[in-house]
Each structure stands twice: as structure tokens, then as C-alpha cells.
């Protein structure tokens with residue numbers, strides 16, 4: 001074998017560890033003639049986490065295969081996706097992403113000089129690109145645009161036009177970046193097939209699409225920037241890494257939905273081609289695995305203990321993160337990180353309260369006083385057959401009276417002594433003569449027969465514990481929500497139950513210090 005890899009060897013490097021390839025025959029033809037031009041794009045929204053090492057390891061493979069690789073910081077996409085990145089923060093977020101992605105690549109030994117970096121707004125605001133957006137919008141149906149973005153663009157009841165434009169812009173990027181292939185997660189598949197359908201209608205060629213698997217989070221679900229307990233941030237301290245791994249789901253012998261084992265498979269093995277289990281001599285001493293399936297087999301047979309697996313992952317992961325932490329331990333990058341991701345709960349109070357501003361009032365979930373409650377008693381409302389009157393302990397000197405319309409949906413005995421989730425800072429309201437001092441939050445699904453389930457706080461929760469949306473735990477709730485301002489109603493529009501039955505606001509989990517708030521079974525339900 002010579003120094004330069006053969007087309008077959010290049011194909012192996014490009015496609016290994018991928019979940020799916022669309023256009024493999026075209027890929028083979030290109031590799032016979034010249035080097036492949038490929039790009040990977042990332043919308044500059046939430047902070048990148050350790051699962052980003054999966055695309056980084058593939059970028060290393062692409063370079064080994066001789067590919068010309070472009071990394072796109074999709075700043076405009078970050079804004080179009082329900083303004084996940086506010087316009088005024090776009091430049092800062094993009095700078096943060098560029099610095100952290102480059103630090104990740106350096107951490108795994110990827111030469112940066114072989115890569116091209118670009119921003120979406122470097123070319124997406126040009127006359128030619130804008131004209132193509134209009135041309136494409138005249139051909140694409142609303143149905144196809146919404147379907148294409150279903151796994152990527154935030155889904156809301158009343159979608160913004162910007163979110164429908166998102167897939168079209170991503171398709172056009174393939175043409176304007178002059179690439180043969182686009183690389184992304186399997187969650188991008190619908191956008192990729194959208195591009196294959198519509199680019200030829202503009203006279204542009206169909207591209208190859210390369211897809212890596214989505215990395216399960218430490219809780220067993222997909223690793224997500226919006227689930228604090230499911231992911232490890234690239235700048236997490238060593239003690240935070242230890243804490244998150246210690247709490248991660250890793251049942252002895254269970255290889256299904258095992259977030260720690262999956263992390264080894266999808267992140268650590270592709271980067272190092274081996275993994276060492278570190279353990280005391282009395283338990284067999286250290287053992288090196290060069291084939292992932294052998295590690296999985298030993299774990300299933302309980303030859304490898306969860307504690308040893310977690311400790312070994314912790315050591316390996318910190319080796320990857322140390323160079324990134326060191327790079328960001330400078331005043332300039334510390335300042336960049338705090339400016340790009342400002343603490344939403346920080347306010348400047350005055351002696352007379354918050355200063356009045358001409359800016360629109362900030363509608364954020366930390367304004368809601370949501371707590372764990374325990375139902376001490378349940379009675380039928382004396383004047384309304386559909387209402388219960390509950391006495392609920394929410395951590396105050398006296399229990400609160402809460403009226404809820406659950407008679408048709410939840411038997412009285414299921415509510416007695418149950419832990420529930422209560423919104424405590426609504427203005428008290430008379431309901432058929434009884435003052436209701438809160439709202440018992442429930443999941444619901446509409447249909448032929450409406451289904452309703454009270455939200456459940458994590459097991460072991462205590463009355464009065466605060467329920468918050470991850471990232472907004474430090475904010476102070478309003479003393480009382482003013483009905484005219486409709487703060488709760490505006491926030492509630494983005495309340496939803498995930499496919500894992502977790503309560504969310506804008507795809508970010510409701511949680512307590514013990515874990516996530518959930519419901520029993522109503523996937524995709526609303527919350528009220």
C-alpha cells in the first residue's frame with residue numbers, strides 16, 4: 001500500500017461508524033476521479049457538549065481520506081430556528097463556537113490548517129443567494145418545508161415562517177459551498193432528502209449525504225444541549241463530570257439505554273480505537289479492549305462493573321477535555337463565554353424594584369413559582385361535579401387550597417397523598433365560590449376522549465422544592481403574576497411533553513434538583 005489511500009480505503013474512512021449514506025454510488029464515482037468536497041454545519045445555538053466529538057472524529061476521518069472539508073457556523077440558521085440565538089448574540093455565539101470547535105479538533109490531533117471555516121452570513125445575505133431563496137420558496141410546499149424540519153427545527157403549535165425557510169437554506173448551502181457531500185446527524189435525514197428533491201428543480205445537482213448516529217445521553221435518551229443531566233458540557237469541571245457520571249443510568253448487565261456504555265461506543269472508541277477499564281487488582285486489574293463488542297459482552301455478563309466503567313470513562317473524558325478547559329481559562333475567552341451565553345436570571349434591581357424600560361418585558365420561565373406539592377386531602381367541590389378541592393402542602397406554614405377539574409380523569413384515591421407539581425404565583429381565583437390558590441399542572445391529550453395526567457416530580461422529592469426549567473434555575477419568580485400581562489399564558493404556549501414523557505418548555509426540561517418532571521404516558525401532550 002502506498003502513502004496515498006486507494007479509493008476503496010478512502011470510502012472506508014469516509015463511511016465508517018456512519019449510520020446511513022445516501023448516494024453511495026455517486027460517492028464511489030467521485031473518489032475514483034478526485035478528492036471529495038464535504039461540509040459539516042452547526043447552528044450556533046446552545047453550548048456544544050461532548051457528543052460533538054462524534055462529528056469531530058468523522059472530520060478527522062475525512063481529512064485522512066484526503067477530503068476538502070468545510071465547517072459552516074450556521075449563524076443565520078440559529079436565528080431562524082425560533083430565535084434560539086437572538087440577533088444581538090449571533091456574532092458572539094459564532095465566535096464562541098469557532099473557538100470551542102477548534103479547541104476540540106486540536107484536542108484530538110486534527111490539523112486546523114487543512115480545514116476551511118466559514119459563517120452562514122458570509123454568503124447567505126448576498127443578492128444571488130437571496131434570489132435562490134425566493135426561487136425555492138416558490139416551489140416548496142408548506143407541508144414539505146415543515147416535514148423537512150420536523151427533527152431539527154423547534155416544533156410549535158403556530159410555527160413561524162422563519163422555521164419553514166430553514167430547510168431550504170440548508171439545501172442551498174450545498175450549492176453555495178460548492179461541495180459534493182453534506183455530513184450531519186441522522187436527525188438531519190429529512191432535510192437531506194428535501195435537498196435531494198428540490199435542488200435539481202433549481203438546476204443544481206443532488207449531493208451525497210453522510211449521517212452519523214445520535215449519541216444517547218447519560219440518562220439513556222438522546223444527548224441534548226437542553227438536558228443538563230443528560231450531557232456533559234465541554235467546559236464542565238472535573239468534579240461536575242464525576243457528579244454527572246455518578247448519577248448516570250448504568251444498571252449492571254443492562255446494555256440497553258445505557259448512556260455510559262453508549263458514550264464509549266459512539267465517542268471514545270472512534271477517537272482512540274481502544275478503551276481501558278481501570279480497576280483494582282483484586283477485581284482483575286486493568287483490561288484493554290480494542291473491539292467495542294467485547295466490552296459490551298463483558299458488561300452484559302457482569303464481568304465489568306458499572307462503577308469501574310464510569311471511573312474509566314471519567315479518566316478518558318477528562319483527557320479530552322483538559323486542553324479545551326485550558327484554552328478557555330484565559331480572560332478573553334472567559335469573557336466571550338459569559339457574553340455569548342449571558343445568565344438570563346441576572347437583573348439589576350433598584351430600591352423601588354426593577355427599573356422600567358422601553359424594552360419588551362422578558363418572558364422567561366424563572367418568573368413562574370412552580371413547586372413540588374403533596375396532596376393532603378381531596379374532596380369533591382360542593383357546587384361543581386367536575387371539580388376537586390385539594391389541600392396541598394407546598395412547603396409553607398399552611399397547605400394551599402387548589403381547585404382542579406380532574407374528577408372525570410383521575411380517581412380521588414389516586415390523588416390522595418400524591419406528589420404533584422403546582423404553579424404557586426397565579427393570582428388567587430374564585431372557582432364556584434372556593435378560592436383556588438394555585439394550579440395543579442397536568443399533561444393532556446385531546447381527541448375523541450380527552451386524557452389528563454398530573455405531572456410527577458422526581459421520586460424522593462419533598463413539598464416546597466422548586467421546579468425549574470434547566471438554565472433558568474437562578475431567576476427569581478414574580479411575587480404574583482399579573483393577569484393582564486399573560487406571562488403564564490405566553491410561556492405555556494411552548495409547554496409540551498416529550499417523546500420520553502418529560503415536561504418541557506421549548507424542548508428544555510422541567511426539573512428539580514433530583515431530576516426531570518414527567519407524566520405517566522401522554523407523549524406529545526400539552527401542559528396546563
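Cβ atoms are placed via backbone N, Cα and C, with glycine included.
Per Swiss-Prot, N-acetylmethionine is recorded for 1.
Annotation comment: Swiss-Prot describes 2 as N-acetylglycine, evidence class similarity to another entry.
As annotated by Swiss-Prot, L-tyrosine binding site applies to 39, 166, 170, 173, 188, with the evidence given as similarity to another entry. When secondary structure is read from DSSP and collapsed to three states, residue 173 (L-tyrosine binding site) falls in the helix class.
Positions annotated as trans-resveratrol binding site by Swiss-Prot, on the basis of similarity to another entry: 39, 170, 173. Less than 8 angstroms from the CB of residue 170 (L-tyrosine binding site) sit 41, 74, 77, 191, 195, each of them six or more residues away in the same chain.
Swiss-Prot lists 44-52 with the feature motif ''HIGH' region', giving similarity to another entry as the kind of evidence. Sequence-distant contacts of the motif ''HIGH' region' (44-52) (same chain, six or more residues past either end, CB-CB distance under 8 Å): 73-75, 78, 81, 84-85, 90, 93-94, 96-97, 100-101, 104, 214-215, 223, 225-226, 231-235, 263, 266-267, 317, 320-321, 341.
The feature N6-acetyllysine is assigned by Swiss-Prot to 197 (among others), with similarity to another entry given as support. DSSP gives residue 197 (N6-acetyllysine) a helix state. Of all Cβ atoms in the shown protein chains, 15 besides its own fall within 10 Å of the Cβ of residue 197 (N6-acetyllysine).
DSSP classifies residue 205 (phosphoserine) as coil under the three-state reduction. For 205 (among others), the entry in Swiss-Prot reads phosphoserine, with the evidence type similarity to another entry.
Residues or ranges marked as N6-acetyllysine in Swiss-Prot (evidence: similarity to another entry): 206 (among others).
The motif ''KMSKS' region' annotation in Swiss-Prot covers 222-226. Across the residues of the motif ''KMSKS' region' (222-226), the predicted structure has a mean pLDDT of 47.
Residues in the motif 'Nuclear localization signal' (242-247) partition by DSSP class (helix H, G, I; strand E, B; coil) as 6 helix, 0 strand, 0 coil. The feature motif 'Nuclear localization signal' is assigned by Swiss-Prot to 242-247.
Residues or ranges marked as region 'Disordered' by Swiss-Prot: 339-363.
As annotated by Swiss-Prot, domain 'tRNA-binding' applies to 364-468, with the evidence given as sequence analysis.
For 386 (among others), the entry in Swiss-Prot reads phosphoserine. Cβ environment of residue 386 (phosphoserine): 405, 407, 408 lie under 8 Å away, each six or more residues apart in the same chain.
Swiss-Prot lists 474 (among others) with the feature N6-acetyllysine. Secondary structure at residue 474 (N6-acetyllysine), as computed by DSSP, is coil. Residue environment of residue 474 (N6-acetyllysine) contains 11 other Cβ atoms, counted within 10 Å of its Cβ in all protein chains.
Here Swiss-Prot flags 482 (among others) as N6-acetyllysine. In this view, residue 482 (N6-acetyllysine) is surrounded by 9 other Cβ atoms within 10 Å of its Cβ, with every protein chain counted.
Proximity of residue 490 (N6-acetyllysine) to non-local residues of its own chain (separation of 6 or more, Cβ distance below 8 Å) is seen for 363, given in sequence order. In the three-state DSSP reading, residue 490 (N6-acetyllysine) counts as helix. Marked as N6-acetyllysine by Swiss-Prot: 490 (among others).
If you take the C-beta of residue 188 (L-tyrosine binding site) and look for same-chain residues 6 or more apart in sequence within under 8 angstroms, you find 151, 152, 209, 211. Nearest in space to residue 205 (phosphoserine), taking C-alpha to C-alpha distance over the recorded positions 39, 166, 197, 474, 482, is 197. Secondary structure at residue 39 (L-tyrosine binding site), as computed by DSSP, is strand. Cα distances from residue 206 (N6-acetyllysine) to the recorded positions 39, 166, 474 are smallest for 39. Look at the domain 'tRNA-binding' (364-468): DSSP puts its residues at 7 helix, 52 strand, 46 coil. Remark: secondary structure over the motif ''HIGH' region' (44-52) totals 3 helix, 1 strand, 5 coil, with classes taken from DSSP. In terms of C-alpha distance, the listed modified residues 197, 474, 482 place 197 closest to residue 166 (L-tyrosine binding site).
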